[in-house]
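Since the structure comes first, as structure tokens, the remarks are kept for the end.
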Amino acid sequence: MKTQPKASHYINGSYVEDEGGQTMDVFYPATGEVIARLHAATDNIVELAIEAARAAQGAWARMSPTERGRVLRRAADLLRERNDEIARLETFDTGKAIQETLVADPASAADALEFFGGAVAAYNGDYVDLGGPFAYTRREPLGVCVGIGAWNYPIQGAGWKAGPALAMGNAMVFKPSENTPLSALVLAEIFTQAGLPDGLFNVVQGFGDVGAALASHPVVAKVSLTGSVPTGRKVLSLAGSQMKHATMELGGKSPLIVFDDADLENAVGGAMLANFYSTGQVCSNGTRVFVQDGIRERFLARLIERTKKIRIGDPLDPETQMGPLINKAQHDKVCGYIEIGKAEGATLACGGGVPHLQGFEGGFFVEPTVFTEVGDDMRIAREEIFGPVMSVLSFSEEAEAIARSNDTEFGLSAGVFTRDLARAHRVIADLQAGTCWINHYNLSPAEIPFGGVKQSGIGRENSLAALGHYSQIKTVYVETGDVDSPY
Ligand code: NAD
């Protein structure tokens, strides 16, 4: 198997195997064939990884931020040098089209390492003038941090978590999704090659039970999870019961509001990006597209025309624009929601079927799908589908669009397309979402915070905010006079 790694886990600077762990078969989602066979971590592997991280962290934290940053920036360069090879691996692991993974996956991880590698030296505590005495604060690392990844952006997720954690002087044990275990191992190799001391970035494989064992380990100071809301509730409870720090990047059902005055082609392109990139498996997707009455007909005509042209097929063909879903379970789930949408009375405007692609009969493909006449209470408008299924809803008034957009338990993202910038800012200010776009959708560069409100999570990834979430403040009061004691 050409994508078989040297071993399942990477601990203390080396590949480690323990065949006592549960077998994990890795499938190529385009064909269903097994491309690697790994083993989930045993208790022993979990202990080894945590102990390696604990032992390495103190010396790393004592290095200057500039020195730590230099290692991360070297790793960013190595990621970029190996971009095409890692993109290919990511396509095998996720099924995402190579035209996406070549530009979006290792590149985004590299951007994060470069950003945090540079930013950390300028991320300092405060000086507080108390009129004689003074105080200062230190930004100190938390210790051993655990990262738990989802399967839609495996190496990006690893980079977004490892970057700020390591930059701040922490050590990390990272558990990729059981569906996509491969690329985090390459990141671990690259860190070693970049000069990261052994033990600071460890990868252990496994299912949810391994994630839970890591999250509840007493040595662990912080857990950062990317995953679904139900998993987030479980992991946050585990962390909370031991007063650990936690970042939760969870699911969504985000609104994208298109006003009558929007640039038509940009709005249609934005809505497609918000629903079909990565075969719709993006947490921040704008899956509820609210379109104002005056532009509705033109918007739908162009949307359907352009959606029908999406090239679906062999993910390794550079012309392919959409690959398969991650696995059979997700395929069943998405196809199930398409049936639910039809049964609920929404109009299937295009897609909805399973394409038959020669040579890829075992793959988990589904057509990009647009439902119109979607009602706010339909399940396809309320529940996260995590596939290429767009719901188009109509509205007439600005206030109505805001109220209906906010009528959800989620709050990850939101978008507005309009040429009226005053309206754009006014509407965005009223939307309950952590990450918003005006006249674009789904761009998340490392420089800006990313994360959700309400059930979509707590904490932020990326930007200086992430350095805050991977550190704790120590306050130091300094007396410059005598102690005025009443005793
Ligand atoms: P998931 O919740 O099933 O799994 C996520 C990770 O958590 C996996 O590594 C899994 O093994 C682990 N896990 C499962 N149960 C656990 C437990 N009890 N304790 C500890 N770890 C456990 O999610 P998924 O299916 O891999 O990913 C899809 C979901 O992730 C969607 O809801 C999507 O919206 C969300 N997501 C969010 C973001 C974001 O940044 N907000 C990004 C990508 C995906």
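Every residue, even glycine, has its Cβ placed from backbone N, Cα and C.
What TrEMBL says about a protein is an automatic prediction, not a curated fact.
Features of the protein shown, as given by TrEMBL:
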ACT_SITE  Lys161  active site, charge relay system
ACT_SITE  Glu249  active site, proton acceptor
ACT_SITE  Glu249  active site
ACT_SITE  Cys283  active site, nucleophile
ACT_SITE  Glu461  active site, charge relay system
BINDING   Asp93  K(+) 1 binding site
BINDING   Gly149, Ala150, Trp151, Lys175, Pro176, Ser177, Glu178, Gly251, Cys283, Glu384  NAD(+) binding site
BINDING   Lys454, Gly457  K(+) 2 binding site
DOMAIN    15-476  domain 'Aldehyde dehydrogenase'
MOD_RES   Cys283  cysteine sulfenic acid (-SOH)
Distance, Glu249 (active site, proton acceptor) to Lys454 (K(+) 2 binding site) (CA atoms, angstrom): 11
Those recorded positions, out of Asp93, Lys161, Cys283, that come within 10 angstroms of Gly149 (NAD(+) binding site) at the Cα: Lys161
Cβ under 6 Å from ligand 1: qualifying recorded positions of Trp151, Glu178, Cys283, Lys454: Trp151, Glu178, Cys283
Using Cα positions only, nearest of the recorded positions to Glu178 (NAD(+) binding site) (Asp93, Lys161, Glu249, Gly457): Asp93
Alpha-carbon spacing, Trp151 (NAD(+) binding site) to Gly457 (K(+) 2 binding site), which is rounded to whole Å: 17
Among Glu178, Glu249, Glu461, which are recorded positions, the residue with the most C-beta atoms within 10 angstroms of its C-beta: Glu249
Residue pair Cys283 (active site, nucleophile), the residue listed as 'K(+) 1 binding site' - Cα distance, angstrom, rounded: 18
Spatial neighbours of Gly457 (K(+) 2 binding site) that are distant in sequence (at least 6 apart) but have CB under 8 A: Gly232, Thr247, Met248, Glu249, Leu250, Leu412, Gly434, Gly451
